[in-house]
Every structure is written in structure tokens, then in C-alpha cells.
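Visitor: Sharing a structure here in C-alpha cells format.
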């Protein structure tokens with residue numbers, strides 16, 4: 001199949017400010033969006049704002065506490081990173097990163113972790129999480145922050161984002177999803193060749209910005225979001241306009257900055273990058289962080305098209321939009337075009353009052369901004385007065401409960417078994433074991449250590465269990481593999497040796513000293529330590545994070561270590577924890593590399609989670625959330641080093657690209673082995689009756705209501721045909737009729753089901769209307785194509801075990 005090429009888009013920044021026709025766009029008071037269960041929150045917020053004067057409204061939208069004329073007080077929200085735990089706090093848990101959670105493919109785990117994180121935020125008196133982190137999605141595997149998000153597949157990412165959003169709201173904490181939108185790399189995100197970031201774009205914005213651990217008190221802007229000016233290649237041109245105050249010539253009420261522009265067409269924007277934000281809004285999202293970067297030439301936080309037309313109208317988003325660091329650069333452009341919370345240095349009282357007097361913004365717009373700042377607060381019932389007061393970072397307020405058990409369990413569920421030759425794993429009481437690699441042990445300082453990612457090496461000298469920047473958890477302690485393996489060895493009577501470094505030579509001054517009798521002394525070298533072992537474990541990692549993109553997808557020192565161990569040990573097991581895709585081909589086919597266990601960053605219980613899988617206390621059920629290629633050149637998108645980053649690949653990223661161009665991966669999206677075997681049978685499809693081409697329901701929070709209706713069901717029977725109990729992850733892939741112009745196959749359902757040996761279970765996938773819709777650019781609507789839809793169910797995107805089809809007839 002040949003992917004239709006997408007022309008490189010050219011864009012113009014709009015210069016007209018405050019067009020009168022846009023004054024009503026995106027206003028909650030317009031009644032265009034049915035608020036559903038947000039109605040009560042809107043009534044309360046509107047009543048509160050009605051009691052404020054202009055000065056008080058301006059204080060509210062710039063992060064200050066306000067008191068009404070009759071004495072009602074709203075205390076400014078505390079916003080904090082992130083979706084791996086309360087950053088920079090004591091007596092909190094360090095959860096696995098979002099990328100690890102996604103690798104569980106377990107909806108219950110996704111919701112459980114969201115509830116646990118929210119409970120800790122709530123207990124610390126923090127009202128809003130700067131999360132979930134839906135994007136960067138994963139356009140390129142070199143992206144520096146992919147470890148923070150749920151992966152490049154829109155459906156999987158959307159399910160995880162929605163479940164975490166719902167979990168936060170159910171506990172009573174506001175979810176603030178980021179980064180909106182097309183913020184797919186760190187390079188040039190602030191206009192320089194480096195990643196930059198860290199400092200708020202203006203004053204008066206308390207805690208909440210990216211790198212919030214270095215920002216004292218209050219509330220500040222955090223993650224990224226995007227905006228889209230008009231594209232000459234977009235049919236009809238609608239839905240892609242740059243908006244009112246889109247000028248790059250900043251006024252005196254501007255802050256400087258020139259980040260890259262992500263240039264994507266309307267179809268790509270909707271079908272790949274907006275998908276997960278639909279899930280979040282539908283699930284109770286109270287905040288959206290707009291990115292510091294541009295989309296189609298306009299700053300994301302200053303685009304009426306993105307914020308007013310798409311987010312607040314098309315998606316029906318009822319909450320507030322706040323900026324990532326440096327995302328707000330022009331006072332009027334941001335105020336007029338959809339930003340709701342901003343910097344007091346730009347939105348001063350005199351500035352906003354001047355805009356009102358000159359009719360550059362209306363009173364209705366100011367009221368809407370103020371109301372949206374309160375919507376999430378009332379929606380999650382923070383007004384009930386039961387939340388504890390805000391704790392200082394080092395106060396002894398222990399909110400961890402039994403979360404360590406959950407973290408350990410989710411970590412082990414996320415580990416992916418890539419290779420298991422001759423059933424090497426699980427291990428059973430080996431007599432002699434050797435451990436290699438710095439990733440097996442703790443770093444020399446820790447468990448929390450501030451360091452700069454930009455300019456640092458691509459690996460971490462120690463066991464890496466959390467990220468840096470906004471993705472860094474506050475580790476109360478860290479269980480390393482070395483810790484957990486020593487405990488196992490003491491229980492099993494295993495003899496251990498280790499070289500806890502990635503490089504080693506037996507030169508003078510070596511830390512390895514020959515001592516003991518001739519029966520126990522060993523020449524201090526990797527080859528000597530790996531000889532005559534029952535099993536050799538090699539631990540490797542990869543480092544990346546906010547502020548810089550990855551410089552390599554493999555590491556020479558680590559690969560040399562693996563090959564040297566495998567040359568001397570006929571049972572070499574490699575354990576990898578990485579921030580993204582890792583090329584394995586320099587050693588994966590080595591005959592002595594018998595097993596490979598692969599995962600993301602697992603939090604405080606990391607070593608226990610890994611060892612639980614190595615020894616079979618947990619049967620692995622993790623699955624890849626991205627494609628591992630055979631070589632770097634097999635990926636189709638690199639980091640963009642220019643000011644204009646054109647998304648000419650369209651929807652074809654990760655497995656959708658590999659499938660379209662018949663590129664054979666090393667390990668495909670959705671791949672993962674188990675210690676047992678599963679068989680698939682009895683596929684049955686209950687197809688839809690005739691469907692309207694376009695949605696006919698009411699425009700509501702999360703888009704048109706009937707987008708979420710179940711229109712078809714696919715059922716399959718799965719049998720555990722092996723000798724061990726275990727969990728399988730059946731995956732549903734759909735192909736569309738040609739008129740929809742879609743990838744070869746797309747994920748449209750998954751489950752993680754535990755099945756005892758010899759038993760069977762029936763699994764049902766429910767297809768929603770949106771799951772079989774495509775974006776009709778001409779009509780600016782989600783459309784269902786008439787014709788035959790193919791359905792495959794299998795164990796990965798390429799291991800498809802059973803197949804069927806259904807026909808959809810459409811009506812006007």
C-alpha cells in the first residue's frame with residue numbers, strides 16, 4: 001500500500017485583532033454545548049463570578065484568591081506535576097511513569113493508579129494535577145518526553161488518558177491534561193537549539209509550571225498545547241484558521257519567544273492528535289495546558305481555532321485553558337483567543353480594563369474566563385470543604401496508604417517479555433548467578449537527585465525508576481534489582497557475583513579485588529565473571545526527559561557489555577528499562593541471549609517488580625505500546641531542527657507507517673510473550689444497523705453525544721492452552737473502506753484478561769461510533785463510511801489470530 005503524500009503546508013499568521021464575529025466563540029453562556037453533569041458546576045461558578053467586580057475577576061484569572069462582596073472566598077488553586085506522584089513532596093509515593101502504565105494494557109490498572117495518585121494529591125491539599133500527559137504522542141522515537149505519555153497509538157492513549165482523568169475527578173481532584181497539541185519534541189521548543197524551559201513566562205503564577213519543583217508556592221503554567229492557523233492545503237479551509245490575534249509582531253504587552261511550529265493538516269490533527277483529548281474531555285477534564293510551541297504558525301496558547309473553535313466548541317470542553325512555560329506571549333492575543341488563566345505581568349488590571357474599554361475583549365469573554373477557572377473546582381466538589389489544608393512540601397503528612405503494593409503490581413504487569421528461548425524464564429533457584437550493568441544498582445546519590453538532562457549522557461549511571469523535569473516522581477526509597485536479587489539469593493541459597501557497571505577493565509585501582517582462597521578467587525573481568533554461571537543477568541537503561549530529545553536509540557557500551565557476557569555465558573538474560581524505543585539488533589540474535597525483559601520506568605518498587613517477573617511470581621502480560629525497529633533508519637520521522645516542522649507523514653506514525661510500507665520490525669506494536677500459551681477461536685460480530693453518515697446527537701461535553709454510542713460488538717473466545725495461569729491481552733484491529741483513507745489497520749479495542757490454565761473466557765469488544773468514523777475535512781465532521789469493515793483479533797498488530805468483517809450502510 002502506498003500512503004498518500006501530504007503536501008507541505010504554508011501558513012500565514014493572522015494580524016487582525018479582536019474580530020467581532022469571534023466574540024461569542026467558545027463561550028459557555030452561548031448554549032452551543034450541552035453541559036450535562038457539568039451544569040451544576042456552571043451554575044455555581046456563574047453565581048460566584050456574578051458577585052465579582054472587574055478587578056476581582058482579573059485576580060481570579062491570574063491565580064490570586066478572591067473574596068466576593070458578601071464574603072465568599074475562593075482560594076487560588078494549587079496545581080502540581082504530575083501523573084507519577086506529587087512532585088517535590090515528602091511522604092508521597094513514586095508511581096510508575098505513564099508509559100509503563102500503558103504497557104500493562106490493563107484498564108483496571110490505569111484507573112487504579114489514577115485514583116491512588118489523586119488520593120495523595122488530595123491528602124496534601126493540592127487541588128489540580130498537571131496531568132494526565134497525553135502528549136507528546138510519539139511522532140518520532142527520538143522525542144525526549146515520550147516516557148511521560150501513553151504512547152503513539154491514539155486509541156490506546158485515549159483510553160488511558162480518559163481513565164486517568166475519570167479517576168482524578170472521582171477522588172475530587174481536577175485533571176489538567178497536557179500538552180495541547182502537536183508538541184512532539186523538545187528541540188527548539190523555546191526557539192533556541194536546546195529544549196530550554198523551566199521558568200514561568202511571567203509573574204503571579206504560583207506552583208504548577210513545568211519543572212515545578214523549582215518554582216515556589218502558588219500556581220504556574222505547565223505543559224504544552226497547540227493552535228492551528230489556516231492551511232492552504234486544507235479543503236474548505238474551515239476549522240484551521242489562525243484566529244484573531246495571531247500576529248508574530250508582539251505588542252508592548254508581549255514576552256519574547258520563537259518556538260518551532262508543528263504544521264499538520266486537519267485530517268491528521270483530528271484522527272491522530274486530537275483523539276485522546278476527546279477521551280479526556282468526555283471523562284471529566286477540568287483543565288487543559290496549551291503548549292509553548294506553535295501549530296501551523298500560531299502559538300498554541302493564542303490560537304482561536306484551536307482553543308475556541310476546536311477545544312471549547314467541537315470538543316465541548318467546559319474547563320480552563322492555562323499556558324505552559326512561555327506559552328503566553330501576547331496579552332491580547334491570548335485573552336481574545338481562548339486562554340483562561342495567565343500571567344499577571346501580562347494581564348495586569350490596567351491592561352485588561354483597557355481591552356474592555358476598547359472592545360478588544362468583551363465583558364462576556366472576561367466572565368467566561370473567570371467561570372472556567374472555577375468549573376473544575378465545582379465539578380469535583382472541592383467546594384464541600386472536606387479537603388485537608390495545603391501541606392508544606394516537607395510536612396509530615398503521610399498519604400501513601402498501601403500504594404507500594406499497587407506500584408509493585410503495576411510495575412510487574414507492565415514488563416514485556418520479548419524473548420524466552422528454551423523457557424529460560426522464569427528462574428528457579430539458580431545455584432550461581434552473575435549480575436552486570438550499572439542499572440542493577442542504585443546511583444551514588446539518591447533516590448532523588450536534581451540533574452540537567454540537556455547535554456547529559458543517554459544512559460543513567462544507576463537504576464533509573466523515574467524521569468526528570470516534569471516527569472520526575474519523588475522517590476521515598478528505591479528498590480533496585482540488586483536489592484531484590486540479594487533477598488532472593490538469601491532465600492534460595494544462590495551464589496551471586498556482580499559487576500555493577502556498563503564498562504569495566506581490570507586496571508590498577510579497580511574496585512574488584514582478588515581475595516580469598518583459590519577456590520573462590522576470580523580474575524576481575526566481565527568474561528571471567530560470566531563463565532560457568534547458571535544464569536547471567538545484564539541490566540541496561542536509557543535516559544531522556546524534559547529539555548532535550550534523545551541522541552541515540554542504542555548504546556555502544558551497553559551493547560558491548562551484553563555481547564561480552566553472552567560470549568561467555570550460555571544463559572544470558574537482558575533486562576531493559578528505557579524511556580522509549582531501544583534498538584536491540586547488535587545482540588538480540590546472539591545464541592546465548594536466551595531471554596529479554598523490557599519495560600519503562602517503574603517507580604519506587606522497580607527492583608521488586610522486575611524480580612517478580614524474572615522468578616515467575618508474576619506471569620508477564622505487558623505489551624509494547626510502540627514499534628521496536630531493526631535499525632534507526634526504519635523509522636520515518638526524525639527530530640526537526642528547523643523553525644517549520646511539517647508533519648508530512650500525516651497519520652502514518654509508528655506501526656501504521658510500518659504496516660503501510662511493509663517494513664518488518666524487530667518487535668511490533670502490541671507484542672509481548674507469556675510463560676503460557678493462548679488460543680483464539682469463535683469470532684462473532686454483531687454489526688450495526690444503518691447509521692447516519694454524520695452524528696445527529698446534541699453537541700455536548702466530549703463532542704456530539706452519539707459519537708460515544710456503541711454501534712457494533714466483536715466477541716472472541718480465548719483459551720489458556722499452556723501449563724501456567726496467566727493473563728492475555730487480546731487486541732482488536734479494524735480496517736476501513738477505502739473512501740475513509742485510513743491506515744491498513746488501527747487498534748480499536750483491547751482487554752487484559754486473566755485465565756487459569758486449561759480454561760477459556762469470552763471477550764467482547766464494543767465499537768463506538770467514533771471508532772469507525774473518519775474526519776471529513778470538507779464537511780468538518782466525523783463521518784461513517786459505507787462499505788465493508790474488516791476486523792482482526794490477535795496478540796499483537798501483526799500476530800492476528802482470527803478475522804471477520806461487517807458491512808455498514810449509511811443514510812442521510
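Glycine is no exception: its Cβ is also placed from the backbone N, Cα and C atoms.
What Swiss-Prot records for this protein is below:
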type	residues	note
SIGNAL	1-18	signal peptide
CARBOHYD	53	N-linked glycosylation site
REGION	186-248	region 'Disordered'
CARBOHYD	188	N-linked glycosylation site
COMPBIAS	191-207	compositional bias 'Gly residues'
COMPBIAS	211-225	compositional bias 'Polar residues'
COMPBIAS	236-245	compositional bias 'Gly residues'
CARBOHYD	296	N-linked glycosylation site
ACT_SITE	324	active site
CARBOHYD	360	N-linked glycosylation site
CARBOHYD	384	N-linked glycosylation site
CARBOHYD	422	N-linked glycosylation site
CARBOHYD	501	N-linked glycosylation site
CARBOHYD	592	N-linked glycosylation site
CARBOHYD	646	N-linked glycosylation site
Visitor: Among the glycosylation sites 53, 188, 360, point out the residue whose Cβ has the most other Cβ atoms within 10 Å, with all shown protein chains included in the count.
Guide: 188
Visitor: I need the nearest neighbour of residue 592 (N-linked glycosylation site) among the recorded positions 53, 324, 384, using C-alpha distances.
Guide: 324
Visitor: Tell me the Cβ contacts of residue 422 (N-linked glycosylation site) under 8 Å, same chain only and six or more apart in sequence, or just say none.
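Guide: Listed in sequence order, they are 594.
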Visitor: What is the total of other Cβ atoms whose distance to the Cβ of residue 384 (N-linked glycosylation site) is within 10 Å?
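Guide: Looking across every protein chain shown, the total is 9.
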Visitor: Given the glycosylation sites 188, 384, 646, state which is nearest to residue 296 (N-linked glycosylation site) when distance is taken between Cα atoms.
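Guide: Going through 188, 384, 646 one by one, the Cα closest to that of residue 296 (N-linked glycosylation site) is 646.
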Visitor: Between the recorded positions 324, 360, 646, which lies closest to residue 53 (N-linked glycosylation site), Cα to Cα?
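Guide: Minimum Cα distance from residue 53 (N-linked glycosylation site) across 324, 360, 646 lands on 360.
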Visitor: Radius 10 Å, atoms counted are CB only; among the glycosylation sites 296, 592, 646, which position scores highest?
Guide: 296
Visitor: Look up residue 360 (N-linked glycosylation site) in the DSSP assignment and reduce it to helix, strand or coil.
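Guide: Where residue 360 (N-linked glycosylation site) sits, the three-state DSSP reduction gives coil.
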Visitor: How many neighbouring Cβ atoms, not counting its own, are there within 10 Å of the Cβ of the residue listed as 'active site'?
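Guide: I count 31 other Cβ atoms within 10 Å of it.
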Visitor: Measuring CB to CB from residue 501 (N-linked glycosylation site), give everything in the same chain under 8 Å that is also at least six residues away in sequence.
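Guide: Listed in sequence order: 437, 438.
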Visitor: Going by C-alpha distance, which of the recorded positions 188, 324, 384 is nearest to residue 360 (N-linked glycosylation site)?
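Guide: For residue 360 (N-linked glycosylation site), the spatially nearest of the recorded positions is 324.
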Visitor: Would you identify the secondary structure of residue 296 (N-linked glycosylation site) according to DSSP, in three states?
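Guide: Once the DSSP labels are grouped into three classes, residue 296 (N-linked glycosylation site) ends up as coil.
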Visitor: To the nearest whole angstrom, state the Cα distance for the pair the residue listed as 'active site' and residue 646 (N-linked glycosylation site).
Guide: 22
